[in-house]
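Peer 1: Sharing the feature lines straight out of TrEMBL:
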DOMAIN    135-512  domain 'SAM-dependent MTase RsmB/NOP-type'
BINDING   244, 245, 246, 247, 248, 249, 250, 276, 304, 324  S-adenosyl-L-methionine binding site
REGION    344-390  region 'Disordered'
ACT_SITE  422  active site, nucleophile
REGION    517-548  region 'Disordered'
COMPBIAS  518-529  compositional bias 'Polar residues'
């Protein structure tokens, strides 16, 4: 039974303590249950919370069982109805007895709510509830599931004959988005190599291809940085460096795109250096690299990119750098740091409220964490923390992002860089690009935006481009306005359009190869610039990556 109390502890914690995964797997969290079990319980309960709330309310459970809180009721009933083994507690535990005491009434309300949704089976119900949840998390449009074929282990043709053998090819992503639960549809993406879209109800994690690393679940927008960096086949490429690599989706995508170039004898020793400063994330990165069979990748565990010396002999052949630093995450569809569950009304709280004396009536009762407020509107889920615009936080993130790309521009043989965020805010996107173009290192070394006409064919045709700062930022004083040509070189994605992606931004930078040959790699005083990365270390908690 400690499993349910542990889940309550995690959900009731301070919202500034980080993501759900970081809370659950924190060795100092003091949880008695296995972290994986706690994480699974919370994640799964969040999928069906609205339905379970309805069952609890209609059954009147909380009015009759004082030991069960609104949050506990959702967690317990999730396992009671949906877990194979039922509630994970001994038969004589008080909370399990309390649920069993009302088993008939709860089952009746469960069935009534299921039939109201015209679902003949529990399996059909779960599919419907997941689809409804996606509509809540992705307002306006549902999203497809994007699957990248890992050419290091397989090919698109092979996967179409195995994993997707029962799928019907369609001509547009809109058909996939609008697919019925019974339809298995497949759309081959025209912008990113080896990428397909399938309906969101399709489960790929239980397939052999997923287990073997032959397919990788990765949002389309998250594939743009590697495609932009290596999608031009006639370009000379040396070694590569992924400066913010974990968990490894973009790193392994680089390896997949690089592989055809490595088959030639002269390029057989090309490397991809994957840099990650956090020890736990470094281990995750290594597992991802091994699973994808990305032999070109050399993981640099516990390495801070800002602390790397560009003149280190290891990086003497680095020509291409991919940078996807921490950001506000405002573009990620349906992502909240910790799920906010819809909870049943607590009649005990209502009774307490009605007994308040007239002297205290002018005071608003504080709503306990994870309990509903006193009106229907207030019980709506609050926006994810990443969706709330905090100017101070954005400024800190933008400063770190700027320093990371500025540092990359000082690598001696660097000729192309991609910078990306999963943010919709101009402060982290076009404003950072403007600052970089105006920086001393960019001016001195000839860095400029990779313009649209020089982008890989698939991305060249992508219609959504950079926006003027006045359209994406609340601050008119931001430095670094971009020309129309530079804005055209910036690529944007939006969760609100019909493309089926999350909100995302990516831009490429390039410099003249002749300037690289000149060896102009030092600062104006002849010394390698030292970057103060202390602030970056302190600011890591401020943002997150898109999971790529």
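Keep in mind that glycine also has a Cβ here, set from the backbone N, Cα and C atoms.
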Peer 1: Express the distance between the Cα positions of residue 248 (S-adenosyl-L-methionine binding site) and the residue listed as 'active site, nucleophile' as a whole number of Å.
Peer 2: 15
Peer 1: Would you kindly give the Cα-Cα distance separating residue 422 (active site, nucleophile) and residue 304 (S-adenosyl-L-methionine binding site), rounded to the nearest Å?
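Peer 2: For residue 304 (S-adenosyl-L-methionine binding site) versus residue 422 (active site, nucleophile), the Cα atoms are 21 Å apart.
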Peer 1: Expressed to the nearest Å, what is the distance separating residue 246 (S-adenosyl-L-methionine binding site) and the residue listed as 'active site, nucleophile' at their Cα atoms?
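Peer 2: If we compare the Cα positions of residue 246 (S-adenosyl-L-methionine binding site) and the residue listed as 'active site, nucleophile', the gap is 15 Å.
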Peer 1: Pop the Cα-Cα gap between residue 422 (active site, nucleophile) and residue 250 (S-adenosyl-L-methionine binding site) into the table, whole Å please.
Peer 2: 13
Peer 1: Find the longest CA to CA distance in the recorded S-adenosyl-L-methionine-binding set 244, 245, 246, 247, 248, 249, 250, 276, 304, 324; express it in Å as a whole number.
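Peer 2: Output for S-adenosyl-L-methionine binders 244, 245, 246, 247, 248, 249, 250, 276, 304, 324: max Cα distance 19 Å.
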Peer 1: Using Cα coordinates, what distance in whole Å links the residue listed as 'active site, nucleophile' and residue 244 (S-adenosyl-L-methionine binding site)?
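Peer 2: Rounded to the nearest whole number, the Cα-Cα distance is 13 Å.
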Peer 1: What is the number of other Cβ atoms found within 10 Å of the Cβ of residue 250 (S-adenosyl-L-methionine binding site)?
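Peer 2: Around residue 250 (S-adenosyl-L-methionine binding site), other Cβ atoms within 10 Å: 29.
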Peer 1: Cβ neighbours within 10 Å, counted over all protein chains: which one of the recorded positions 246, 422 has the most?
Peer 2: 422
Peer 1: Kindly assign residue 244 (S-adenosyl-L-methionine binding site) to one of the three DSSP-derived states: helix, strand or coil.
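Peer 2: Note: residue 244 (S-adenosyl-L-methionine binding site) is coil by DSSP, not helix or strand.
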Peer 1: Among the binding-site residues listed here (244, 248, 304), identify the one with the smallest other-Cβ count within 10 Å.
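Peer 2: Relative to the other binding-site residues in 244, 248, 304, 304 has the fewest Cβ atoms within 10 Å.
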